[in-house]
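**Student:** So that we are looking at the same thing, I have put the structure below in structure tokens.
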Amino acid sequence: MSKLRVAIIFGGKSTEHQVSLQSAKNIINELDRTKFDLCLIGINEQGQWHEYSETDYLLNSDNPKTISLSKPLRAVAIIPGSVKKQFISLEDGQALPQIDVVFPIVHGAYGEDGTLQGLLHMIDMPYVGPNIMSSAACMDKDITKRLLDGAGLAVAPFITIMAHQINDIHYNEMVRQLGLPLFIKPANLGSSVGISKVNNEEEFNAALEMAFEYDLKVIVESAIVGREIECAVLGNEDPQVSPCGEIVLNDAFYAYNTKYIDEDGAKVVVPAVMDEKTSLHIRQVALKAYRVLNCLGMARVDVFLTQDNRVVINEINTLPGFTNISMYPKLWQSAGLGYQSLITKLIELALDHHRKTTVLKTKCEL
């Protein structure tokens with residue numbers, strides 16, 4: 001039986017470029033080579049696509065602060081349309097060996113916001129993870145909250161501010177509506193980039209200014225006091241939910257530095273210590289949220305568990321990290337699904353969904 005050729009697309013023009021490199025390294029190392037051949041497509045910080053050698057694609061691969069792409073083999077481009085060999089070399093115009101499925105692990109803007117998914121959809125390429133709509137909706141915290149709230153799921157009270165409205169925003173009015181402390185978040189970033197916790201007007205103004213450096217839409221959110229719990233969801237029509245995990249913080253909140261740089265900033269507890277009834281309720285909420293956003297393949301659902309046992313959804317991450325400390329693979333490992341088997345399952349889910357879409361009509365028969 002011939003092996004399928006998997007393209008891992010990683011890097012990207014976003015603030016999460018280095019996180020993506022860390023995730024890609026682990027996926028590449030754990031890919032089952034008895035089933036899959038490999039093609040590495042790295043996107044540099046200028047947005048250029050290149051093919052890389054498996055033996056030389058990263059510099060400083062063990063240092064999350066300085067990890068970077070190595071020297072590429074050649075620049076590549078995509079030819080749209082349902083042809084067999086869509087990836088070509090820009091040097092000689094020759095097609096790369098046929099790619100059967102893509103595992104996109106480009107975190108943040110242009111990677112998990114529906115942009116890359118749309119490009120892959122246009123070339124009729126199976127890919128791991130949710131589709132265009134789900135990816136875009138889950139990336140935008142404003143849209144995510146509106147959809148979840150409309151489905152009867154609890155989210156933190158929030159106000160959305162657009163960049164052109166900044167001069168009309170008054171600190172005292174925000175506090176009157178949302179209380180203190182407040183969280184200021186760019187609406188379309190992940191990995192806690194650009195997020196601030198504020199307790200006074202000076203901090204509020206500085207946080208708004210910083211958030212608008214990253215996005216044209218910003219969320220001002222009430223602080224929710226509670227345990228930070230995460231669930232991994234896996235599947236298409238019949239998704240499964242992992243045991244709950246917990247982030248126990250030593251820092252003020254789960255910021256980028258805490259997640260990826262400072263090893264002492266937080267402790268990951270898998271499985272989370274809680275009674276079975278509470279665990280079941282959280283997992284049911286996570287599953288409902290996954291379905292409300294019409295997710296496919298995978299997502300990580302992050303919630304707060306308050307002292308009175310309310311479950312408040314924080315966010316849904318459709319392209320969760322696969323770094324050494326990332327929760328998504330750890331949660332499935334705790335359920336008995338190993339790293340390699342998880343990656344294989346995600347690829348199988350992508351191929352299964354693509355097969356179902358290929359039979360859909362694309363012409364109106366009159």
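From the backbone N, Cα and C atoms, a Cβ is placed for every residue, glycine too.
Marked as active site by TrEMBL: GLU16, SER191, SER326. Here TrEMBL flags LYS141, 183-185, 191-192, 221-228, 314-315 as ATP binding site. Among the features that TrEMBL reports, Mg(2+) 1 binding site is placed at ASP302, GLU315. Among the features that TrEMBL reports, Mg(2+) 2 binding site is placed at GLU315, ASN317. The domain 'ATP-grasp' annotation in TrEMBL covers 145-348.
Situate these features within the shown structure.
**Tutor:** Annotation note: SER326 (active site) sits in a coil segment as assigned by DSSP. Within the same chain, residues at least 6 positions away in sequence whose Cβ sits under 8 Å from that of SER326 (active site) are SER23, PRO320.
In the three-state DSSP scheme, ARG227 (ATP binding site) falls into the strand class. Contacts of ARG227 (ATP binding site) defined by a Cβ separation under 8 A and a same-chain sequence distance of 6+ are given as GLU246, ALA272, PHE304, LEU305, in order along the sequence.
Its Cβ placed at the centre, GLU315 (Mg(2+) 1 binding site) has 21 other Cβ atoms within 10 Å.
DSSP gives ASN317 (Mg(2+) 2 binding site) a strand state. ASN317 (Mg(2+) 2 binding site) has a Cβ environment of 22 other Cβ atoms inside 10 Å.
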**Student:** Hey, of the binding-site residues listed (ILE184, ALA223, VAL225), which one tops the CB count within 10 A?
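**Tutor:** Max Cβ neighbours within 10 Å, all protein chains included: ILE184.
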**Student:** Nearest by CA distance to ASN317 (Mg(2+) 2 binding site): which of the binding-site residues is it, out of ILE184, ALA223, ASP302?
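**Tutor:** With Cα distances computed to ASN317 (Mg(2+) 2 binding site), the winner among ILE184, ALA223, ASP302 is ASP302.
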**Student:** Name the one residue among LYS141, ILE184, ALA223 whose Cα is closest in three-dimensional space to that of GLU315 (Mg(2+) 1 binding site); these are the binding-site residues.
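**Tutor:** Nearest by Cα distance to GLU315 (Mg(2+) 1 binding site): LYS141.
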**Student:** Relative to the Cα of ASP302 (Mg(2+) 1 binding site), which of the binding-site residues ILE184, GLU221, ALA223, ASN314 has the closest Cα?
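**Tutor:** Closest candidate to ASP302 (Mg(2+) 1 binding site), judged by Cα separation, is ASN314.
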**Student:** Specify the count of other C-beta atoms within 10 Å of the C-beta of ASN314 (ATP binding site).
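**Tutor:** A count of 22.
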